[in-house]
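> So TrEMBL has the following annotated:
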- Gln20, His121, Asn165, Tyr296, Trp399, Glu406, Trp407: substrate binding site (BINDING)
- Glu166: active site, proton donor (ACT_SITE)
- Glu353: active site, nucleophile (ACT_SITE)
Amino acid sequence: MAQIRFPEDFHWGAATAAYQIEGAWKDDGRGASIWDTFSHTPGKVKNGDNGDVACDSYNRYKEDIGLMKDLGITMYRFSIAWPRIFPDGTGELNLKGLEYYSNLVDELLAAGIEPVCTLYHWDLPQTLQDCGGWENRDTIDAFVAYSEIIFREFAGRIKYWITLNEPWCISFLSNYVGIHAPGNRDLQLAVTISHHLLIAHGRTVKRFRELGIEGQIGFAPNVTWLEPYSNRKEDVDACRRGVAYFLEWFMDPVLLGTYPQFMLDWFAAKGVNLEIQDGDMQDMRYSIDFIGINYYTGNVGRYKQDEGLFDYEDIDTGYAKTDFDWFICPDGFYNVLCYITQRYGNIPLLITENGACYNDEVEEGCVNDTRRIQYLKQHLIQLNRCLESGVNLIGYLTWSLLDNFEWAEGYGKRFGLIHVDFQTLTRTRKNSFYWYKEVICKSGFDL
Ligand SMILES: N=NNCCOCCOc1ccc(-c2cn(C[C@@H]3NC[C@@H](O)[C@H]3O)nn2)cc1
């Protein structure tokens, strides 16, 4: 029987985010975020769900860390809610907010779990949004100032830092597609915001270096992989645009110092231009120690004139889908990670999100989420292929530890290894929890 084995020093973990699990939306001085505003706006989130309570992890973090310890993970990725630290984004510091995360980090360290901190996972203080949000360059400096407070407070305790989670979602999904907060639908605005985000990322890395903080810092784009339906140039080019939308648009400036010209030209042809000020591109280039990679899905696609933003259409190849209606495309994981390595060199890659939405419920005390186990197995095999191919993979953090608030989908899309009853907040380990626990214990699995 074939064995899939990972290096002994490979990091195994799970990921969450503040707004999706914490709840306690007004406790201990927390200010409003754009997701509080958005989720409280009728029609924005399915079933009128919001993050007011979520998993109540703000009050139950010790229970959750006990579950992590049982799972055997060595890394836990969480995010800090900016509005808990600066309720108005800038100005008066909320010490109770800092205290909460200090207690969380100390509890993780006591459990032998390495904290991985995401500084921005979409919950912008509403006060800053009222002043233009990421469209306003002032927000860049506000983010650096907030990040500095966190760096100083957690220096020596947190060793892995992520500036931004999924800059594509922050810019395009939230300001062009418009289904995430704040819900704009303006391509020029989205492109401008993507630029400001990359400056904010770079200046934060620069501050991290200036402060001499111990540890490693990166950012965590979400990527996809699109295979051309044919080898015709129009199909190949259409897929190249579709991948670059998530990948090169964000990684090239940080790792190569320039935007991909073919994308700049494509946007310019649509009347969308970037206002690049002196120093912007230099700011983005401050070197990072790793790239966080969030991967869920890929597909086969082809050219279709005037279809969508990139004259691209997905093909329904009959691949199985998750309960999020996303194609399951494990090969895409291998292909995109090899592509990243080929394009940017052997920079360490940390899988900061990978997982599947399956809405299995508790039956007689069990959650028989065999489809999630299959998804995880398929994708871990691809990671093993990457390691065999020389990709510098340092760890895998599955999304997610807990079922949680899945943004515009509310609580109807479950990604957790642990089932959460959102009426009682009872946690139930799913079968995938036990499977993943064994993978971690054995550093792999048998096929
Ligand atoms: N022009 N473009 N059109 C594209 C068509 O858009 C339609 C909708 O697209 C998307 C794309 C991507 C996502 C998504 C969700 N997660 C899961 C979260 N990751 C961070 C963590 O918080 C998890 O909850 N990752 N990615 C959702 C919707």
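Yeah, the Cβs are placed from backbone N, Cα and C, and that goes for glycine too.
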> Just to verify a number: CA distance, the residue listed as 'active site, proton donor' to His121 (substrate binding site), in angstrom, no decimals.
8
> What's the CA to CA span in angstrom from the residue listed as 'active site, nucleophile' over to His121 (substrate binding site)?
13
> Need the DSSP three-state call for Glu406 (substrate binding site) to compare against my parser.
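Assignment for Glu406 (substrate binding site) reads coil.
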> If you count other Cβ atoms within 10 Å of each one's Cβ, which of the recorded positions Glu166, Glu353, Glu406 has the most?
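Compared across Glu166, Glu353, Glu406, the most Cβ atoms within 10 Å surround Glu166.
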> Name the secondary structure element type, per DSSP in three states, that contains Trp399 (substrate binding site).
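DSSP call for Trp399 (substrate binding site): strand.
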> Does DSSP put Gln20 (substrate binding site) in a helix, in a strand, or in coil?
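Note: Gln20 (substrate binding site) is helical by DSSP.
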> If we count other C-beta atoms within 10 Å, could you say which of the binding-site residues Gln20, Asn165 has the fewest?
Asn165
> Sequence gap of 6 or more, C-beta under 8 Å: which same-chain residues meet both conditions with respect to His121 (substrate binding site)?
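The list for His121 (substrate binding site) reads Ala17, Ala18, Tyr19, Ser79, Asn165, given in order along the sequence.
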> Determine, for the substrate site, the additional residues of the same chain whose CB lies within 8 Å of the mean position of the CB atoms of Gln20, His121, Asn165, Tyr296, Trp399, Glu406, Trp407; present them in sequence order.
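Near the substrate site, the remaining chain residues are Ala17, Glu166, Glu353, Ser400, Asn404, Phe415.
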> With every protein chain in view, what's the tally of Cβ atoms within 10 Å of the Cβ of Tyr296 (substrate binding site), excluding that atom itself?
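Taking all protein chains shown, Tyr296 (substrate binding site) has 24 Cβ neighbours within 10 Å.
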